[in-house]
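As C-alpha cells, the structure follows; a few thoughts come after it.
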Amino acid sequence: MNAGHTETVRALRIGVAGCADIALRRMLPAFAASPHTEPTAVASRSSEKARAAAETFGCAAVEGYDALLERRDVDAVYIPLPVALHAPWTERALRAGKHVLAEKPLTARAADTARLLDLARERGLVLAENYLFVHHSAYTAVRDLVDAGAIGDVRALSASFTIPPRSADDIRYRADLDGGALLDIGVYPLRLASLLLGSELRVRGAVLRHDTVRGVDLGGSALLGDPGTGVSAQLVFGMEHAYTAGWRLLGSEGSLTLDRAYSPPAGHRPVLRIERPDGTEERILPAHDQATAAVAAFAEAVRRAGQGAGQDKGRSSGDAAAVLRQAELVDAVRQAAHLVKI
C-alpha cells in the first residue's frame, strides 16, 4: 500500500429476516444510518410487509426467508424472529455462508446455542447475540467507577426488569414460539449480572410463576452467587407487573444505581446515582444510541473475522464464551425454579 493511501472498506450488506417491531423501530434505522452497514434486503412471509419496510429503508423486498439467504448481495443476516425460530434460521443462514446477528436470546436452550457457536467457528463466521444495552457507554462509565474503587469491593447486585401485561394475542404468551417472561425479559437482568459481576456466577435458586392455561411463565426471580467470592445477584423479572428497568450495585463503601437500564431511547441521558457515606451524587451521562453501537460492534467483528483475527477466524473465544454462558444461566434458572402454577 502506498503511503497516504486509505483503504476503502465496503459496507457490510445486511439482510433482515422478518419485520418485527425491534427491526423496524431500532435495528433497520441503525443499519441504514451506520457507515459500516447497508440494509440490502428485508424478508417476510408477507410480501406486503416486506415491501413496506423495503420502501422505507431503500432496499429490496423479499418474500420468504430462504430467498433472502440465496441472495449474493447479503453478507450477514439479522434475525428478529420469535425465539423458537432463531435456532433453525440461524443454522440455515450459517450454512448459507452468512454472518448472523440474532435477537436475544440466541436460542431457547444452551445445547442449541453451543451447536450453533461451533458451526459458526467451523465456518469462520460471526454469530452474535443482540443485547443492545451491553454496548451503551453508560456501562463503560460504571466499569470505570468500579475499577477506581468508587464503591469499594463489589458485594451484591439487585436488578429488575418488569413490564405490564401485553395484549392476549402477543407472541410472548405462545408456548409453541418459546414465549414467556424468562426468555423475553428475564434474560436482561441475567446478562447484566454477568456483565457487572463476572462469569463465575451460579444459579442458587429461582421461582417462576407458570400460567397453566397458556403454558408460559409470566414472571419470576432468581438468586445467583459466585462460589469463590460470595458476590450475589437478586433478579426479578416479569410481564404482569408495573414497569421497572433498573439495578443497584452494592459495594463495601457505597452503591451505584441506574434506571432505564436496558432499552433507553437514543436521546436519553442516563442518570447514574452514586451513594457513599459522605453523600449522594447524581451524574448525568451522555446520550448514546446503543443500537448504532451494537451495529458498529457487529460490523467490526465481521471485519476482523475476514482478516483472520480472533479464534478460528470467527467470533472471538471471549464473545462466544459469554453467549454460551448466558444460555447456560437461562437453563440453570429453569432447572432450579420452583414452579408456582397459576
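Glycine too: its Cβ is placed from the backbone N, Cα and C atoms.
Quick look at what Swiss-Prot annotates:
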BINDING   Cys19, Ala20, Asp21, Ile22, Ala23, Leu24, Arg25, Ser44, Arg45, Tyr65, Leu81, His86, Arg172, Asp184  NADP(+) binding site
BINDING   Arg26, Tyr243, Ser263  substrate binding site
ACT_SITE  Lys104  active site, proton donor
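Feature map: annotations from Swiss-Prot on the structure.
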residue : record                    : contacts (Cβ under 8 Å, 6+ apart)
Cys19   : NADP(+) binding site      : Val42, Ser44, Ser46, Lys49, Ala50, Ala52, Ala53
Asp21   : NADP(+) binding site      : none
Ala23   : NADP(+) binding site      : Val16, Val42, Ala53, Tyr78, Pro80
Arg25   : NADP(+) binding site      : none
Arg26   : substrate binding site    : Leu132, Ala291
Leu81   : NADP(+) binding site      : Ala17, Gly18, Ala20, Trp89, Glu103
Lys104  : active site, proton donor : Glu129, Asn130, Tyr131, Val187, Tyr188, Arg191
Arg172  : NADP(+) binding site      : Arg166, Gly179, Gly180, Ala181, Asp184, Val216, Met239
Tyr243  : substrate binding site    : Thr162, Ile163, Pro164
Ser263  : substrate binding site    : Leu132, Phe133, Ala245
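DSSP assigns Ser263 (substrate binding site) to coil in the three-state reduction, outside any helix or strand. Residues near Arg45 (NADP(+) binding site) in space but far in sequence (CB under 8 A, at least 6 apart, same chain), listed by position: Glu63, Gly64, Tyr65. Among Cys19, Ala20, Asp21, Ile22, Ala23, Leu24, Arg25, Ser44, Arg45, Tyr65, Leu81, His86, Arg172, Asp184, the residues given in the record as binding NADP(+), the maximal Cα to Cα distance rounds to 23 Å. Taken residue by residue with DSSP, Cys19 (NADP(+) binding site) is part of neither helix nor strand, so it is coil.
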